[in-house]
Amino acid sequence: GRRTQLLKGLPATSTVEENSAAGVSVYDFNVTVSSLAAEGVAILPTIVNSNPLTEAFDIESKGGLEFRVITTGNPVLDYETMPKSFDLQIFVEDATGRTDLNILTIHVTDKNEHPVFRGNLAIQTVTIYVLEGTPPERIYQVDAADPENEKLQYSLLPATLPFSIRKSGDIFSTKEFDYEKDPHCYFLNVTVTDPEGLNSTKTVNINIININDERPYFTIKQRIYRIPEEQSPGTIVANVTAKDPDDEDSPSRLFYSIQSSDRHFSINPATGVLQVTGRVDRDALPLRLHPNISLIVRVEDGPSSGHASEMEITIIIDDVNDNPPECNPSAFRKEANENTTPGTFLVDLRNYCKDIDVDPSNNQFSFTGLSGFGSNNFALESTVSGRLVINGTIDLENPANQGVEVYTLTVRVQDIAHPTYSSKYPFYISFDNIIYIYIRIKPVNEFFPVFLNLSYIFSVSEITKVGSSIGRVHATDKDWPPSVITYSIVAATGTRDYTNIFWISPTKGDVRILARLDYETTQKHIFIVQASDQENSATASVTVNVLEVNDEEPVCSPNFFSLQIPVDLAVGTNINGFRIECQDRDSDPRSFRYFINKGNENRHFIFSPSAGSNTSHLILASRFDYESGLDTNWIYSLNVHITDDNLVSARDKTTHLIKTGTVTLSIRVIPNPTTATTTTPGFTVVTKRENLYSPSAWYVPFVITLGALLLLGLLGWLGLRSRCPPARKGRRSPRYHFTFCVSSQTMTKLNTIFDGEARDPVTGRMYEFSTRSGARRWKKSNEPLQPVLAMQVTSNATEKSGQGVDTAEAPSEKEPSEKRKELTAATKAAAKPSAGQSETPGRSGLRLQKKKQESEDGELSS
């Protein structure tokens, strides 16, 4: 408790530069003791307080009673961020109990400091990954500052590398990198310089491929210990000893403790032995980035509230080869075309494998033991590179490995350095790994389809059903696996579209017909079929020979006809000269046979010849017998069949068929004439006209007289009987007066129905006839048969005059006189009035005859 001047040189003022390292001397002073303090200093000079509070300073002995104030380096003095001065209260006590307390004022002086990097570059080496093929661009921003806030300059070394840095600190790549041609890694020394020339340099690693590498951090303090990682618990690291001056030579009873929290190490409180207590893994965070562990060891002379001293112990953890290489993924699936040439690169295994050991000497590994079925077709370029290449043939069609579509390979990955694993740690499992590589071989369409034949010939009957298969084409392909071949019709000879006639199965090659084949139209079809495997194709010719078959029916002309014959036609007569003429496209005309299939009652009709000709005539075979009742049908509908029974050519005959043509005939039998006539009562028309002559019309009497003479001559020629009444007597006049008679005749109207037609056997001309009266007339070529036609017959001059009367014309001049007489008799009978009929016409008949007579008078006048 007594204060005495023991501290010599204090109070005092001193200076120290900022950023001074630990142990830098700041100020020296002595301690003076009296002669009574023989034992010296009881309490060494100690900094008991500071203003502001800091632990940046400490006192150490220089020997004897000389001491000095030094920097501790914790914290490091910084002029820009910390107080500029510190007042340290130094306390000392000698053995007699005298004490002294004085102040040492320390001023921190400024120093031009080196520029400092900020951000990641300040605490570690920055690694930048640039993908190959990336165009020139900014790849990193360097962040640095000058403690004195001066403007900084940036530079890169070496300057020959393809990178540049700008004033702003931006690092740019100046080229597009190619991993296979350019170096895989570039080391850039980034230097930042202040105006006075002080600089700092950091290294930036630029990897074209991602490389994850870090450099361990170590301190240079003398209290440094080095141990390898993964030491067993209990391993002694250091033996911390301390000695208390109060104890002199006797063993000190000190208490040791670690002030900082740490799970890796512990210290024996009594002995100070520092040992390992937990796993120390250099390859795991945070030791992977900071391999140094700093411990503050405190020694106290009492269990509590005693005097203590502290010191820092730094333990550096060294890396060992304790991790096997690992690959992610551990299985690879690759594909290669079967025609890939040897030497082709498949995969670089090193890009997927890594060893997490930090020390490069421990993280190197190799690839060995390439094995598996077919591994002789593959190889590793080297044990270090991990590049897998093809060195053999993997052709799927190669007999050595035909059909092998997947290769399963294994590669062993192992450390190059000798492992230092301990069996005490079960998590050390293996020193190598196995990589599985599955290589799938992709087929390549190398071969063209090939038809078994360059041309195919199929023979098929022309009556083959539509949809029938007529043959099959087949093509093969040497590719493995076998290619799917598709068939199609692609072309044909000429311009004909054969896809409408034939169809080919796209998958099987079956050729089928889509339309009916006709030998008579086309005997041979030629077209091109194609076999395609979607990329390549081949063609073949297909010839379809159509086999002739009797599939054509005889075609006859006419195929329908109407005939009329008299009932008394002579047997053996070619009826109306009728004949049929037949043709068949696939049969000889001599093969035709004619027979009446239906309607030939009592077999009155036959055809002659009945076979061996393409022409046959219709013949009356037997007389009609209507009087006895044997025949009752007056109209016959004959169904005539015409058959063929051989082919034009006997070649390629597939089957024997008979075809039938059909002709339909309608024959009307005309009975003998029994015509009943209807007579319209006749009448006489007498017309008198008087013409008065005028001298100015002198020509009129002449013309009238001449016309009258001509008319009388004409009437006389016609044989008309007419009587003219005597002229009326009258008074004479200076004019000429004529009285003349215009014909008077009796008219008889005959209603004649022409309901049949037939052919004249002599001339071959067609004529119409009445089945009731037997009247006949020639049929005009363009006039159809009239079912009812009224005929008017005059009593005289009916055969030659033809005016105002419909006459029945004789069929032929060569016709027998009997037929002509019958026709004349029928006409005369029709002209006579029937019994009981009045000769006085009715009003309607009078008007008709008068109108007709006036028409005739007009013609005569003209």
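Even glycines carry a Cβ here, placed using N, Cα and C.
Per TrEMBL, compositional bias 'Basic and acidic residues' is recorded for 811-823. If you look up TrEMBL, you'll see 8-117, 122-218, 219-327, 328-451, 452-560, 557-683 marked as domain 'Cadherin'. Residues or ranges marked as region 'Disordered' in TrEMBL: 793-862. What TrEMBL records for 698-720 is transmembrane segment.
Taken through DSSP, the domain 'Cadherin' (219-327) splits into 3 helix, 42 strand, 64 coil. Model confidence over the domain 'Cadherin' (452-560) stands at 87, taken as the mean pLDDT rounded to a whole number. Each residue of the domain 'Cadherin' (8-117) gets a DSSP state, and the totals for helix, strand and coil are 0 helix, 62 strand, 48 coil. Across the domain 'Cadherin' (328-451), DSSP classifies residues as 10 helix, 50 strand, 64 coil.
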